2 protein chains.
Amino acid sequence: MSSFTPAQSDDVSIATIRALAADVVAKANSGHPGAPMGMAPVAHVLYSRFMNVNPKNSKWFNRDRFVLSNGHACALQYVLLHLLGHKLSMDDLKAFRIEVTTGPLGQGFGNGVGLAVAQAHLAAVFNKPGFDLINNFTYVFAGDGCLMEGVASEAASLAGHLQLGNLIVIYDDNHISIDGDTAVAFTENVEQRFSSYGWQVLHVDNGDSDLPAIHKAIVEAKLEKNKPTIIRLKTTIGFGSKQQGTHGVHGSPLKADDIQALKTKFGLPADQSFYVPSATYDAYAEIGKRGASLEAEWNSLLGSYGHKYPQEHAELLRRISGELPANWEQSLPVYKSTDPAQASRKLSEITLTSLAPVLPELLGGSADLTSSNLTKVKGSVDFQPPSTGLGNYAGTYIRYGVREHGMGAIANGIHAYGGIIPYVATFLNFVSYAAGAVRLSALSGHQVIWVATHDSIGLGEDGPTHQPIETAIHFRAMPNLAFWRPADGNETSAAYLVALKSRKTPSILSLSRQNLPNLEASTIEKAAKGGYVVHEVEGEDLTIVSTGSEVAIAVEAAAKLNAEGIKTRVVSLPCWFVFDKQPQEYRMSVLRSGAPILSLEALSTAGWAKYSHEQYGLPAWGASGPYQKVYEKFGITGSNIAVVGKKVADFYKQRGAPVVSPLVKAFTI
Amino acid sequence: MSSFTPAQSDDVSIATIRALAADVVAKANSGHPGAPMGMAPVAHVLYSRFMNVNPKNSKWFNRDRFVLSNGHACALQYVLLHLLGHKLSMDDLKAFRIEVTTGPLGQGFGNGVGLAVAQAHLAAVFNKPGFDLINNFTYVFAGDGCLMEGVASEAASLAGHLQLGNLIVIYDDNHISIDGDTAVAFTENVEQRFSSYGWQVLHVDNGDSDLPAIHKAIVEAKLEKNKPTIIRLKTTIGFGSKQQGTHGVHGSPLKADDIQALKTKFGLPADQSFYVPSATYDAYAEIGKRGASLEAEWNSLLGSYGHKYPQEHAELLRRISGELPANWEQSLPVYKSTDPAQASRKLSEITLTSLAPVLPELLGGSADLTSSNLTKVKGSVDFQPPSTGLGNYAGTYIRYGVREHGMGAIANGIHAYGGIIPYVATFLNFVSYAAGAVRLSALSGHQVIWVATHDSIGLGEDGPTHQPIETAIHFRAMPNLAFWRPADGNETSAAYLVALKSRKTPSILSLSRQNLPNLEASTIEKAAKGGYVVHEVEGEDLTIVSTGSEVAIAVEAAAKLNAEGIKTRVVSLPCWFVFDKQPQEYRMSVLRSGAPILSLEALSTAGWAKYSHEQYGLPAWGASGPYQKVYEKFGITGSNIAVVGKKVADFYKQRGAPVVSPLVKAFTI
């Protein structure tokens with residue numbers, strides 16, 4: 001691999017990739033042909049000379065990872081997958097866009113950093129002298145748009161700090177974005193910027209045809225072991241089109257005559273669409289063979305490793321499989337109602353401390369709020385480059401810096417690698433900074449656990465800028481995301497239980513800064529259903545449904561109401577997502593017909609009408625002050641909620657009509 | 001100002017600021033003393049030698065702007081405001097934290113860029129030879145945390161491109177954040193990074209006591225007219241404390257004995273809290289006098305300008321006042337139901353085109369989606385540095401690049417400056433990238449208008465990564481934010497009408513990619529109420545309430561149902577926030593009791609139970625494909641909604657009980 005040996009098929013393969021990308025987008029009549037056509041040479045050199053992948057087993061653990069961060073160029077990825085012999089037929093190419101989509105700009109860059117973090121970590125944990133089992137590279141293609149996004153800047157700065165030598169980013173410097181020439185908005189010196197982050201910076205001036213230069217840059221990138229590398233590759237967007245180098249080829253299909261002329265220019269049959277010369281198929285079949293043989297070698301190495309290190313071998317296989325160790329749940333803390341009140345962020349720390357020894361796949365971190373989030377298990381080592389003297393790559397705690405969005409995107413990449421369950425932390429309100437990454441966790445099914453502390457006006461003095469209002473409903477409305485707001489110790493354990501078992505679902509654990517008493521009725525089992533009855537009475541006049549820090553207030557209000565003869569039940573609903581998955585019969589037993597249901601949460605009431613007839617919460621922003629005073633200001637106290645509860649009970653009694661549970665619906669979608 | 005002349009009072013004033021910051025935080029028993037103490041020297045030099053402000057009139061239009069981006073250091077700002085003689089008494093200082101809060105990290109940096117954009121723009125529009133009316137500087141204090149945040153990176157890159165010479169950032173390089181030494185996560189070369197963005201980069205090695213060096217750096221910063229400047233100022237966090245330079249002084253009050261020792265060291269009375277020597281009050285009174293005199297000079301210049309340029313003068317005064325010109329509303333497009341169907345993004349473009357000549361305060365822009373958002377008025381000039389040859393500072397269209405979060409923070413700063421109404425654009429789904437900035441628009445009352453196109457599965461081929469699901473409810477649940485989803489031309493005009501009249505409220509206009517027919521019943525007046533009846537029948541069996549692109553589908557379903565004898569009303573509810581402000585009587589006439597209400601929206605149904613008994617929407621993610629096919633896949637068609645509507649009407653008829661409007665409530669918060 002040290003110097004480039006041209007193959008006869010190189011030129012025709014690159015021409016084929018370019019023509020296929022144009023065909024795919026034209027046939028779909030929607031898409032981005034320009035970047036795939038411009039990046040065809042580097043994609044071909046990378047795949048034909050460097051990528052260690054086995055199309056027959058796309059899950060091979062030590063494969064090189066490839067991320068297309070400029071995801072609108074996905075036609076390129078589809079074409080490559082097809083040529084390599086993945087399960088992507090020519091018919092699939094023709095049906096481009098029906099089943100698969102790719103990510104918003106900047107995310108892939110962060111994912112790439114996460115993949116490289118995961119590789120470095122697992123290598124440090126499992127590799128042994130003579131057993132360089134985990135040593136793959138992560139290649140990221142990124143465009144101008146990716147590099148403009150803050151999420152990529154955050155991830156890049158951290159990647160430089162972390163000295164991730166196996167991360168190689170190829171920046172398609174084609175000078176065109178949707179608004180036209182990047183000169184209108186993006187004139188920074190990208191090379192200098194990445195140099196400032198501590199990256200190795202290389203460049204290729206002619207990315208359109210100088211294959212040896214592309215090859216040389218990738219070789220150099222691989223040789224630098226202590227820095228991530230960015231290769232600035234100058235390309236001509238839509239190379240070969242009559243409109244090459246212009247915005248005209250960025251996001252619209254090429255015209256039919258343009259495609260024909262392009263094929264003629266490239267020596268391909270002008271009248272054939274989706275044409276692949278046999279030389280190209282043959283060349284790509286060789287790549288597959290090389291990958292298969294590399295995997296076979298690796299499997300053999302893994303076998304020897306198993307003989308010499310049977311325990312590590314078994315553990316590695318378990319980690320790769322994603323199965324949790326037997327009986328790990330027994331390490332979850334269990335509480336009695338007589339146990340002292342604690343903040344749920346503290347309960348989370350206790351849980352993490354208890355789980356860390358049995359679940360080494362937990363790789364935690366915080367966006368510079370460690371002492372507030374309480375996410376670092378005592379005695380744990382930082383994930384740091386050894387040269388810093390601050391930790392090592394086997395360390396299980398990442399200092400993300402004040403980079404919430406980057407942290408979220410990196411965590412997605414860590415989970416995508418396999419063998420690790422990442423948890424990340426910030427204040428609940430600042431999970432919103434990372435909303436783009438959280439959304440992709442949910443959409444792509446990444447098991448990322450957000451430890452989101454300081455989850456209401458209960459944080460007190462920091463005031464409205466830090467006090468979530470709309471945050472809970474934002475994430476509750478996101479598909480495939482479990483938003484937990486536990487009320488006590490057992491509920492916190494339940495949240496971790498379900499989050500850790502949900503291999504395809506991210507979770508946000510919304511946790512209090514202030515102390516919460518342990519409920520009498522709570523158990524891990526009940527809370528793991530997402531909702532359950534905390535205080536039961538028959539023939540009730542009212543049910544109060546609440547979550548997190550307000551459940552104890554609801555219990556206090558109910559006690560007052562019951563004392564006044566207004567029979568009041570209390571329901572805790574820590575996770576809507578999980579509760580909604582329970583059988584209708586169970587749900588109806590929790591939020592039953594017969595009496596009005598009043599919701600209580602120190603957040604916006606938005607969304608609660610799904611589970612209740614009446615809603616109590618914050619009318620607008622929070623306020624700054626000691627937390628008890630802030631709660632009083634907004635009437636979220638046992639005595640005021642008792643007053644409100646009485647109003648609700650009276651109101652529905654006066655109405656006279658039978659009260660039907662809000663869960664009773666005319667149809668389901 | 002060219003070289004530093006020491007004053008006798010400098011040292012004591014700096015000591016006083018440090019001691020006051022420690023006292024303020026100690027008294028509140030919560031806050032961050034370290035950065036205020038560390039930045040006291042630069043704050044003193046800046047205010048005593050450079051800042052042109054008049055404490056007697058904090059609204060003086062050409063005042064220098066000051067942004068504390070590391071907002072947790074707000075004790076510093078309070079102390080300065082007090083010393084300067086603003087309406088902030090010593091008692092207010094003692095009650096620190098009760099009423100005022102500051103922003104999350106990184107936002108202030110972006111706000112500063114926006115303030116500088118506004119200055120450059122208004123200068124280009126209004127200044128005349130001999131009348132350098134608008135020429136203030138914007139000073140931003142920022143810490144390590146600000147510089148780690150992606151929002152600041154985005155804003156910094158654009159500021160460099162825009163060559164904002166009047167922007168001066170002072171970076172408090174104190175090497176401490178919450179997680180301890182910044183060596184754990186932030187080791188990039190900040191100077192090199194800002195140099196890569198095209199900034200002038202200066203540094204002061206001893207920010208603790210080298211006042212001449214601080215002075216010199218600010219002088220140099222002001223002299224550079226074509227680049228923003230960042231001054232890296234090395235300071236010792238918590239200077240003077242026993243724990244200076246450590247994490248111990250970052251976010252917790254100093255101990256009483258530490259404060260006493262510090263005061264003794266500084267030559268202040270150790271036993272007095274909140275002590276201000278008269279020399280300091282005198283020195284700061286001088287600053288105020290200087291500012292008052294500068295304002296008087298400026299007012300005189302403005303007067304002469306009025307004689308020479310009466311028209312511009314009148315317009316400038318109008319812009320400063322924030323009043324819209326008389327009769328501007330008459331420029332809003334009005335539609336008949338026979339007008340052709342158009343996408344609401346196109347209707348937005350028509351509105352902007354019509355308004356631009358009468359509302360020159362509109363300063364638009366897009367995050368690199370101009371041709372999709374349709375936000376650039378034909379013939380408008382780009383806001384660009386003249387040297388680029390791409391526009392000039394009087395231009396009214398900003399090319400933000402792919403930088404949504406930076407764009408939002410910059411827009412907040414633009415609005416904070418005054419005289420401008422910023423509108424910004426991206427796809428609705430990517431407004432989420434900017435959630436942190438949008439939240440601060442709402443909290444601080446910045447009139448920023450988001451043109452958020454491609455607002456549902458109606459965008460078609462880009463698929464789930466681009467199709468909002470949870471986005472609408474996220475922003476609907478945010479206090480003081482008007483989220484509009486107009487259904488046709490008149491509703492789009494109404495959205496602009498209300499958004500432009502709401503001087504303290506940001507708006508998001510959620511707009512379609514696909515064409516929408518004009519409704520028969522829509523008028524600007526009715527839509528401006530946030531909700532109204534689109535199709536009325538008496539004695540209804542069903543009401544369908546909908547928004548945006550689904551209203552026409554609801555109308556189609558209602559026609560089918562009415563034909564079948566199921567009397568069906570249709571309500572359009574383009575803006576919950578505005579509808580909720582209408583009198584209860586009006587709201588009850590729109591969503592009345594008597595028959596079930598079914599909501600319809602091609603988004604998550606979350607939140608809709610507040611206005612309806614039954615909800616139809618998307619069960620989870622969207623899908624990729626031509627938009628009609630995607631709508632069919634999810635059953636959002638006139639015929640399927642007619643089927644669902646019938647089920648709903650039947651279900652409630654069978655139940656037999658009177659149907660009560662969901663707006664009838666037992667209490668209001």
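Backbone N, Cα and C atoms are what each Cβ position is placed from, and that goes for glycine too.
Binding of substrate is annotated in TrEMBL for A:HIS32, A:HIS250, A:ARG345, A:SER372, A:HIS454, A:ASP462, A:HIS466; the matching candidate from A:ARG193, A:ARG290, A:ARG513, A:ARG569 at the same site is A:ARG513.
The candidate list A:ASP144, A:ASP210 contains one residue that TrEMBL assigns to the Mg(2+) site with A:ASN174, A:ILE176, namely A:ASP144.
Using a cut-off of under 8 A between C-beta atoms, the binding-site residues A:ILE176, A:HIS250, A:ARG345, A:ASP462, A:ARG513 that neighbour chain B are A:ASP462.
For the recorded positions A:HIS32, A:ASP144, A:SER372, A:GLU404, A:HIS454, A:HIS466, a Cα to Cα distance of within 10 angstroms from A:ASN174 (thiamine diphosphate binding site) holds for A:ASP144. The record assigns A:HIS32, A:HIS250, A:ARG345, A:SER372, A:HIS454, A:ASP462, A:HIS466, A:ARG513 to the substrate binding site, and the maximum Cα to Cα distance across that set is 49 Å. Around A:ILE176 (Mg(2+) binding site), the same-chain residues six or more apart in sequence whose CB sits under 8 Å from its CB are A:GLY34, A:ASP144, A:THR182, A:ILE237, A:GLY245, A:THR246, A:HIS247, A:HIS250, listed in sequence order. Taking Cβ-Cβ distances under 8 Å and a sequence separation of 6 or more, the neighbours of A:HIS454 (substrate binding site) in its chain are A:ARG345, A:SER372, A:PHE427, A:LEU428, A:ASN429, A:ASP462, A:HIS466, A:LEU511, A:SER512, A:ARG513.
Apart from A:ASP144, A:ASN174, A:ILE176, the Mg(2+) site neighbourhood in this chain, defined by C-beta within 8 angstroms of the site C-beta centre, holds A:ALA35, A:GLY143, A:ASP172, A:ASP173, A:HIS175, A:SER177, A:THR182, A:ILE237, A:HIS250. Other C-beta atoms found within 10 angstroms of the C-beta of A:HIS72 (thiamine diphosphate binding site) number 23, with every protein chain shown included. Distance noted between the C-alpha atoms of A:PRO104 (thiamine diphosphate binding site) and A:HIS32 (substrate binding site) is 14 Å. With all protein chains in the displayed structure included, the most crowded Cβ environment within 10 Å among the binding-site residues A:HIS32, A:HIS466 is that of A:HIS32. The distance from the Cα of A:HIS72 (thiamine diphosphate binding site) to the Cα of A:GLU404 (active site, proton donor) comes to 24 Å.
Among the binding-site residues A:HIS32, A:LEU105, A:GLY145, A:PHE430, the ones whose Cα is located within 10 Å of the Cα of A:GLU404 (active site, proton donor) are A:PHE430.
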